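Trainee: Pasting in a structure now, in structure tokens, and then I'll have a few things to ask.
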Amino acid sequence: MATPSTLPSTPQTTFVTLPESEKRAEPVPVKRDWRFWAIIVSLGMCNILFSLEFSTVATAMPRIAEALPSAGGAYIWVGTAYNLGSTVLLPLCGGLSQIFGRKAVMLAGIALFILGSALCGAAKSMDSLLGGRTVQGIGGGVVSALIQIIVADLVPLKDRGTFNGILALCVPSFCDFSSSQLYSVYALSGSIGPVVSGALAEEGKWRWLFYMSLPISGCALALVVLFLHLKTPPAPPGVSGKLLRLDVFGNAILIGSTTAITLALTWGGVQYAWDDSRVLACLVIGVVGLGAFVVYEALVPQFPIVPIGMIMTRTSLSGYAQNFLNALILSAFSFWLPLYFQACKLASPIASGVDFFGGSQVLSPSAALAGFVIQRLGRYRLPMWCGWVFAIIGAAALGHVQATPDSPRQTTLGLEALLAVGVGINYLAGFFPILAPIPVAQNAAALAFFIFTRHFGYIWGVTIGGAILQNRLVARLPASFVAQFPASGNSATELAFEVIPLIRTLPQPLQDEVRQAFASAFSVVWFVLAGVAGLGLLISFAMKGLPLHTQMDEAYGRADAGDGVGVRDGAADAEKA
């Protein structure tokens with residue numbers, strides 16, 4: 001008979017099936033004292049690091065382009081470099097945290113984020129800025145993955161909706177909502193980020209977008225050191241034993257494949273034509289590499305970073321796919337919408353941040369509401385279906401309304417709010433279909449891969465949005481206007497970042513022609529996002545409505561308290577049936 005002590009500390013490819021008597025056992029009540037809430041506060045502070053950087057840079061990009069001239073479409077890499085850095089090591093985070101402990105890996109992630117922020121703030125060229133953004137992204141990715149892994153160690157899935165939605169709002173009063181909270185930290189910092197970014201950019205102080213992360217990082221580091229005391233099961237002895245558990249070769253395949261696809265998406269239509277041999281080679285290498293990764297993980301490693309049994313149910317596959325698509329929409333929406341207001345509405349950087357309030361201010365309430373509903377009902381499918389419907393309507397309506405630069409501002413704000421409601425619901429609810437079918441012992445690996453697919457979606461959102469913008473602007477910008485910027489070559493994306501600050505100074509009718517070209521290009525971006533949301537809705541019909549775990553893995557959790565029963569309930573068996 002399987003017991004908590006016999007469950008592997010590193011997830012395996014096989015499921016553990018328990019007798020009915022153990023499946024029905026009630027979990028031990030979890031004690032949530034001030035130490036528990038101190039950990040939640042420290043996680044919330046860590047989450048601010050990622051969300052601020054995700055939401056601030058796009059608003060300031062035109063000013064950064066003025067200060068750090070570049071060629072060859074390098075500007076789009078400012079967003080992509082961070083997303084790529086935050087993606088490549090994510091699947092490894094689960095194994096690292098199991099061998100070296102959650103706290104050590106979290107501290108390493110914060111330290112990398114601090115280093116990257118300092119490098120970005122001190123950058124003297126676009127290349128050095130991109131290097132800093134990559135380091136910053138690696139740290140941010142590790143932090144974002146460890147946040148969710150630690151929450152899974154502390155809170156059972158049945159109660160996790162609340163803690164993943166309203167942490168920043170509830171922790172100060174120490175209200176014992178059973179669990180919703182990290183997402184509103186994202187939404188809160190994401191909502192103020194564009195305004196702060198715009199204000200600094202308008203004053204020519206864009207470097208402080210990165211420097212202001214340093215004191216926040218220092219506070220997060222101190223809180224983690226003081227309060228994050230978690231269990232760490234014994235690690236295998238010796239360097240070779242640790243490397244075996246980490247599946248280094250599998251992670252190398254995944255990193256190479258992800259990087260190749262990212263290069264293709266970023267180069268295509270910007271530096272090189274889509275049918276250029278370099279773009280096609282990267283796409284082929286990336287796709288073949290991902291296929292090889294799946295085969296390798298299924299057949300070779302004893303301790304795979306992505307156990308195939310963890311993802312080969314229709315509910316899990318649907319959940320990962322929905323997570324990727326929702327992240328793509330969120331990334332494109334957050335990165336490109338502020339630039340629409342600057343290019344088409346002639347808004348200043350700070351005004352474009354205020355105009356983004358229509359979307360950013362509803363993310364937290366919609367996520368918190370979704371978490372509350374899922375917790376109370378114990379069901380996740382209906383909220384996710386509603387989220388996709390809201391996203392489809394919001395994105396399609398934005399595409400229609402923003403086809404002209406003179407569309408009513410109030411209408412745009414309302415529609416971006418509708419799109420944000422849908423994205424917010426599925427940002428939080430996306431955890432449930434990937435965790436419900438698996439045993440709790442596989443939480444770390446599942447969450448690391450879940451965050452990986454999310455960050456991979458971020459890359460696609462920024463790069464696909466940029467590719468659409470580039471291709472449309474090439475066809476729509478007046479030739480007389482493009483001729484004034486010969487240094488930009490054929491890169492309309494680079495041209496866009498360079499000329500947005502100058503549009504308001506253009507004479508008529510050239511100004512209206514340029515604004516219309518941008519409006520037409522952004523309209524296509526929103527219509528594409530509506531199609532992506534429609535695909536997400538179709539995929540969502542494949543998932544089953546499984547019961548949510550009430551147990552936790554006793555091998556992890558707080559070192560100073562009992563945290564539950566390290567067994568799984570019958571959800572995985574229901575999915576396999």
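Positions of Cβ are set from backbone N, Cα and C atoms, glycine also.
TrEMBL annotations: computationally assigned, not manually curated.
As annotated by TrEMBL, transmembrane segment applies to 34-52, 64-84, 104-123, 135-155, 183-201, 208-228, 248-267, 320-341, 382-401, 413-435, 447-469, 517-542 (among others). Look at TrEMBL and you will find 39-548 tagged as domain 'Major facilitator superfamily (MFS) profile'.
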Trainee: Counting only pairs 6 or more apart in sequence, are there at least 3 Cβ pairs under 8 Å between the transmembrane segment (517-542) and the transmembrane segment (382-401)?
Mentor: yes
Trainee: Could you tell me what the rest of the chain brings near the transmembrane segment (104-123), counting residues at least six beyond its ends with Cβ under 8 Å?
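Mentor: Sequence-remote neighbours of the transmembrane segment (104-123) are 46, 49, 53, 68, 85, 93, 96-97, 129, 131-143, 146, 150, 207-211, 213-214, 217-218, 220-221, 224-225, 228.
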Trainee: Considering pairs 6 or more residues apart, do the transmembrane segment (447-469) and the transmembrane segment (135-155) have at least three CB pairs under 8 Å?
Mentor: yes
